[in-house]
Amino acid sequence: MLVEFAMQHAWLVPLLPACAFVVIVFLTRPWQKLSAIVAVGSMAMSCVIATLAAYGIFTNHEYIEKPLVYATRWFSLGLPGMPDLLVEVGVQLDPVSAMMMFMVSFIATFIYLYSIGYMEGEEGFSVFFSYLSLFGASMLLLVISSNLLQMFIAWELVGLCSYLLIGFYTHKVSAREAAKKAFVTCRIADFGLLLGLLSLQIIFGTLNLVELSDKIAHFEEYTTFGMITLIAVLVFIGPIGKSGQFPLHVWLPDAMEGPTPVSALIHAATMVVAGVYLVARTMFLFHEVPSAMQLVAVTGGFTAFFAATIAITQREIKRILAYSTVSQIGYMMLALGVGSLSAGLFHMWTHAFFKALMFLGAGSVLHALHHKADVWEMGGLVKKMPITAWTFVVGGLAIAGIPPFAGFWSKDEILVAALGGGHYVLFALAAFTAFLTAFYMWRMIFLAFFGEENPENHPHESPWVMTLPLVVLAAGAISVGWLGTPWHNIWGEWIRFGHPHHGPINYGAMIGSIVLAAAGIYLAYTLYLKDAKKKRARRMAEWFGPVYRMLYNKYYIDELYLWFNHALVDGTARLFYLFDIYVVDGIVNGIGAFARFSGDGLRVFQSGRLQNYVLVFFLGVLAVAVLMAFSGPSATSLLLGGVK
Amino acid sequence: MPFDPSALTLEMLTAVLGLGVLILGLIVPKGSRHGLGWVSFLGLLGIIGVAVALWGDNRELLDGMYLVDNYALFWKITFLLSAALVILGCMRYVDSIGDQAEYYSITIFATLGMMVMASAGDFITLYLGLELMTISFIILVCFRKLEAKSVESGIKYILLAGMSSAVLLYGLSLLYGLTGSVIMLDVSRIVAMQPVSPALVLAVVMLVAGLGFKISAVPFHMWSPDVYEGAPTPVTAFLAVGSKAASFAILLRLFIAGLPGIWENWAMVIAILAAVTIIVGNLVAIPQTNIKRLLAYSSIAQAGYIMVGLVTATEAGIKGVMFYAFLYVFATVGAFTVAAYFYNITGSDELKDYAGLSQRSPLMAAVMLVAMLSMAGIPPLAGFVGKFYLFKTIVDGYLWLVFIGLIMSMVSVYYYLRVALVMYRDEPIDATPISVSSPVAVTLIVTMIATLIIGVYPGPLSEVVNNAAHTFFLH
């Protein structure tokens with residue numbers, strides 16, 4: 001009964017946070033606690049409905065092949081000479097969207113709760129919760145969309161929320177700059193996506209996911225292979241931006257300027273994986289184009305490795321986590337690209353838990369240390385902040401890929417998928433990245449939480465609203481991977497594209513990845529914990545001087561873009577500027593002057609004198625009469641006096 | 001066919017309401033006459049309720065003298081709604097003038113005139129409705145009878161309206177002389193059988209001029225800026241919305257139902273007039289510094305857009321006209337209510353005094369902004385959808401007009417956004433906050449939300465209008 005209700009009313013899931021946004025903005029803004037309660041309460045209710053609906057989906061196998069779709073007409077347009085355009089808003093529930101809906105609402109609930117503690121006493125407390133609610137609504141709308149246009153609207157909305165929340169500390173220049181960078185970078189990518197969607201609409205006449213997947217299955221009837229390849233690539237540009245893939249990853253590390261709950265929710269668990277979700281949703285498109293799949297896989301694999309190498313040298317706790325996010329999303333893309341939707345989304349699922357956990361842990365640390373972010377200045381925090389530290393360690397084990405923690409199972413799936421598909425280079429890259437991941441994560445953990453305490457710091461454990469989410473997410477980071485063990489892969493049964501995959505269990509890959517992870521952790525241990533003075537670490541940095549500097553400066557990509565901007569964009573802009581001033585402005589001003597001039601000129605008639613008005617009126621009558629006489633078939637008859 | 005008075009339910013109810021308010025004004029002591037506004041408002045709401053219940057009642061009365069159909073009903077609802085909104089928004093303004101009973105009852109009689117026009121099936125009824133409306137408006141325009149500006153504009157209006165009525169009557173009598181009938185449906189049949197004669201063309205010219213005056217199409221628009229500026233602002237709002245909408249209702253009837261036989265003759269003329277109206281309205285709006293004059297020119301331009309729907313004489317065009325007229329009610333009433341209330345508080349209509357309005361009253365500034373953007377046709381507001389429906393009908397055959405419409409829409413953004421700029425960017429000279437009284441606030445919020453909703457979700461209204469436009473051709 002309840003489950004049935006939840007499935008039929010899944011549109012309430014995004015609607016409730018949207019209402020919370022309106023309520024907070026217009027009514028409860030002056031009362032901070034009330035605003036927070038509205039936000040958390042609405043999201044918790046959404047989470048309940050989402051859980052029930054997901055339960056309903058996951059108890060009926062039929063929904064795997066035949067999603068539950070209900071939609072209502074938004075508007076339809078008929079233009080002469082074109083097929084009617086029908087635009088719908090609707091909900092599509094299948095295992096993929098049900099899983100994502102549950103995950104987003106569940107994690108969002110706990111992060112909202114955490115924010116109450118984290119944002120306490122901050123200026124704009126209520127505004128923060130209104131933004132969070134708007135984000136929750138947009139993200140959930142994106143997840144349950146039954147067509148790509150609706151998804152695109154939500155896609156832009158989450159981008160807007162991301163912008164607002166990164167720049168939340170408006171007094172900080174760096175936050176404002178980061179917000180701008182995020183927005184502009186994502187917009188560039190979204191333009192590609194938009195072009196892709198427009199092409200789909202023009203060629204196939206619909207953006208409805210179910211219809212599109214039917215039509216694209218035999219796309220030869222509609223278009224050429226070249227065109228469909230182009231569309232797939234254009235669509236993929238959107239995820240490259242939104243999910244921080246190379247070469248548009250530059251905004252994500254800077255986005256850490258936002259409050260930490262934002263980093264956890266938007267820039268780790270939900271929004272940045274929207275790109276992965278989009279690729280998963282449009283898998284029917286990519287599936288038809290092997291080269292596009294190859295592109296996805298290579299982009300993912302390269303980004304995973306590339307970001308991991310940068311993470312090794314970074315010093316700020318949230319930046320390390322940010323590069324790790326970029327790297328992990330690379331894994332997900334890699335999995336999708338080698339054709340395993342199941343493995344890609346599985347990693348998204350586990351990653352959401354352990355990465356949100358680690359961000360919240362980092363937030364707890366920053367909260368205690370008054371926003372001192374350099375891991376080298378921390379140390380020994382485990383004694384004063386046990387809950388934060390040990391839950392963080394759980395996250396570290398999960399991301400490093402130590403069984404039985406969640407990350408192990410999903411990473412193993414990806415490695416097996418890459419190997420099974422015959423992508424040996426990508427497999428090697430992914431395996432080496434696993435080693436790097438374990439190393440840089442544990443470098444951070446040993447430096448921040450273990451070793452000697454820094455006497456300058458006076459840390460304290462955070463309040464329960466902050467530690468409770470940590471504990472819940474830690475429990476998730478341990479257990480959510482058990483859904484997809486190689487021996488009993490429930491996950492793969494439900495969330496898949498095409499038929500479920502039953503390969504032989506690859507013990508070699510499994511043991512190999514455990515060894516690599518353990519080696520990474522051991523290396524970090526010897527360099528950063530056993531060697532209390534960190535002499536060896538410094539010596540390593542000196543040995544690899546140029547490499548180290550290059551990594552520390554993130555391969556100078558930001559500088560490259562800056563140079564590109566200065567040299568090329570600004571240069572061209574200057575050219576255009578001159579063109580603009582002398583040619584365009586000339587024309588525009590000319591038109592403007594003409595408009596003003598003629599406006600003034602026409603005004604002269606408006607003398608206020610009645611006689612003039614009557615005169616103009618009758619001149620008008622005369623003009624119309626002349627006009628009618630010389631236009632249309634009556635012209636001749638009038639001139640000839642009615643003689644035909 | 002026996003005469004069935006139940007077809008006139010709405011008209012009778014409105015007349016009773018008007019008379020009732022007038023009589024109540026005589027009974028109620030002077031101090032408590034401000035309640036009359038509420039009586040009128042609630043009465044109009046009730047009549048709207050009845051009107052909605054009557055939806056689907058399609059018939060002819062007295063052999064086509066009076067046409068009762070969804071088309072007329074939709075217009076009637078539009079008039080009643082705009083009258084109700086205007087009354088709700090102007091109560092305080094009227095209280096400051098006094099003579100509430102006369103004001104409200106004349107407003108209601110003007111509405112009655114419009115309703116008669118919407119249903120008119122013959123020339124006599126048409127003219128009766130038109131004059132009832134016009135004379136009511138003349139009284140309303142010079143309602144602030146001690147103020148020279150108001151009286152001046154009243155005199156201008158009465159003289160020019162009389163002249164335009166004469167021209168219109170001349171056209172109608174020519175038609176009668178040519179066909180021997182005053183009933184439009186008969187005229188339509190006879191005209192279709194006859195060859196096109198110069199007299200017929202002349203009749204059409206007269207009709208275009210006479211009704212062009214009412215909708216303030218260029219070059220018959222000269223009166224409107226002066227009258228709009230001088231009239232009390234709520235009257236201006238009603239004049240801009242109601243009188244214009246009613247004239248469009250009758251224009252469609254007269255041309256599409258009465259003269260479809262010579263469509264080729266008048267279509268191009270209407271298209272050219274629409275183009276000229278759009279261009280002149282938008283261009284002259286640019287140098288205006290008085291908000292009411294600015295809105296007057298903008299409403300001239302808006303009339304030009306609406307005329308576009310007439311050109312093809314199809315169901316889609318009628319639909320576009322009705323859709324646009326309906327949404328135009330909200331944008332215009334919203335903007336003029338802000339202007340009226342602002343005048344009430346500050347005594348100024350000058351644009352420069354609107355500086356910093358966003359700080360003094362965020363609601364008023366927001367409503368003005370939404371109204372302006374809607375009129376400029378910026379998505380996702382109602383005006384965009386309306387313009388889309390209108391211009392969609394003429395993409396085939398009148399592409400040049402589409403381009404003129406689009407380019408001039410762009411030009412219009414300039415002066416619409418200038419208002420926004422003044423309200424939002426400039427620092428207020430006098431920073432005292434303006435608190436908006438609750439009936440006005442309700443009017444403002446209703447207009448703003450309606451503009452938003454029609455823009456984002458035009459489906460339901462578009463279906464209603466489709467249905468109404470469909471009944472137009474059933475007679």
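Every residue, even glycine, has its Cβ placed from backbone N, Cα and C.
Outside the transmembrane segment (A:6-27), and at least 6 residues removed from its termini, the chain residues within Cβ reach (under 8 Å) are 35, 38-39, 41-43, 45-46, 49-50, 52-53, 55-57, 68, 70, 91, 93, 101, 105, 126, 129-130, 133-134, 136-138, 140-141, 144. Feature annotation from TrEMBL assigns transmembrane segment to A:6-27 (among others).
Among the features that TrEMBL reports, transmembrane segment is placed at A:34-58 (among others).
Per TrEMBL, domain 'NADH-Ubiquinone oxidoreductase (complex I) chain 5 N-terminal' is recorded for A:84-129. Helix first, then strand, then coil: DSSP counts for the domain 'NADH-Ubiquinone oxidoreductase (complex I) chain 5 N-terminal' (A:84-129) stand at 29 helix, 9 strand, 8 coil.
Sequence annotations record features per position, and here TrEMBL assigns transmembrane segment to A:96-115 (among others).
Sequence annotations record features per position, and here TrEMBL assigns transmembrane segment to A:127-146 (among others).
The domain 'NADH:quinone oxidoreductase/Mrp antiporter transmembrane' annotation in TrEMBL covers A:145-437.
According to TrEMBL, the transmembrane segment annotation covers A:152-170 (among others).
Residues of the same chain lying 6 or more positions beyond the ends of the transmembrane segment (A:222-241) and with a Cβ under 8 Å from any Cβ of it are 155, 185-197, 199-200, 203-204, 215-216, 247-248, 251, 274-276, 278-279, 282, 285-286, 288-289, 291-292, 295-296, 299, 333. According to TrEMBL, the feature transmembrane segment maps to A:222-241 (among others).
Positions annotated as transmembrane segment by TrEMBL: A:262-280 (among others). For the transmembrane segment (A:262-280), same-chain residues at least 6 beyond its ends with a Cβ under 8 Å from one of its own Cβ atoms are 96, 100, 103-104, 107-108, 111, 114, 132, 135, 139, 142-143, 151, 155, 158, 161-162, 165-166, 168, 193, 235-236, 238-245, 252, 255-256, 286, 296, 318, 321-322, 325, 329, 332-333, 336, 341, 344-345, 348, 351-353, 355-356, 358-360, 363, 497.
Positions annotated as transmembrane segment by TrEMBL: A:292-313 (among others).
As annotated by TrEMBL, transmembrane segment applies to A:352-369 (among others). Remote same-chain partners of the transmembrane segment (A:352-369), defined as residues 6 or more beyond its termini with a Cβ less than 8 Å from a stretch Cβ, comprise 103, 107, 110-111, 114, 117-118, 259-261, 263-265, 268-270, 273, 317-318, 321, 324-325, 328, 378, 381, 384-385, 388-389, 391-392, 394-396, 398-399, 405-407, 448, 457, 459-462, 466-467, 469-470, 473-474, 476-477, 480.
Annotated transmembrane segment per TrEMBL: A:389-409 (among others), in sequence order. Outside the transmembrane segment (A:389-409) by six or more residues, the chain places 324, 328, 346-347, 350-351, 353-355, 357-358, 361-362, 381-382, 434, 437-438, 441-442, 444-445, 449, 470-471, 473-474, 476-482, 484-486, 513-514, 516-518, 520-521 with a CB less than 8 A from a CB of the stretch.
Same-chain residues lying 6 or more positions outside the transmembrane segment (A:463-485) and placing a CB less than 8 Å from one of its CB atoms are 107, 110-111, 113-114, 116-118, 342, 346, 349-350, 353-354, 356-357, 360-361, 363-364, 367, 387-388, 390-391, 394-395, 398, 404-410, 413, 491-492. Among the features that TrEMBL reports, transmembrane segment is placed at A:463-485 (among others).
According to TrEMBL, the feature transmembrane segment maps to A:613-631 (among others).
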### Query
Cβ under 8 Å to the transmembrane segment (A:127-146), counting only same-chain residues 6 or more beyond its ends: which ones?
10-11, 13-18, 20-21, 24-25, 29, 35-36, 38-39, 42-43, 46, 50, 69-71, 88-93, 97, 100-101, 104-105, 108, 112, 115, 119, 153-155, 157-158, 160-162, 164-165, 168, 208-210, 259, 261-262, 265-266, 270-271, 274, 277
### Message
So if I exclude everything within five residues of the ends of the transmembrane segment (A:152-170), which remaining residues of that chain have a CB under 8 angstroms from its CBs? That is, six or more out.
### Response
124, 128, 131-132, 134-135, 137-139, 141-142, 145, 176, 178-180, 182-183, 186-187, 190, 193-194, 197, 238, 242, 254-255, 257-259, 262, 266-267, 271, 274, 278
## Note on the structure
Across the domain 'NADH-Ubiquinone oxidoreductase (complex I) chain 5 N-terminal' (A:84-129) the predicted model averages a pLDDT of 87
### Query
Cβ under 8 Å to the transmembrane segment (A:34-58), counting only same-chain residues 6 or more beyond its ends: which ones?
2-7, 9-10, 12-14, 16-17, 19-20, 23-24, 28, 68, 93-95, 98-99, 101-102, 104-106, 108-109, 112-113, 115-116, 125-126, 129-130, 132-133, 136, 140, 494
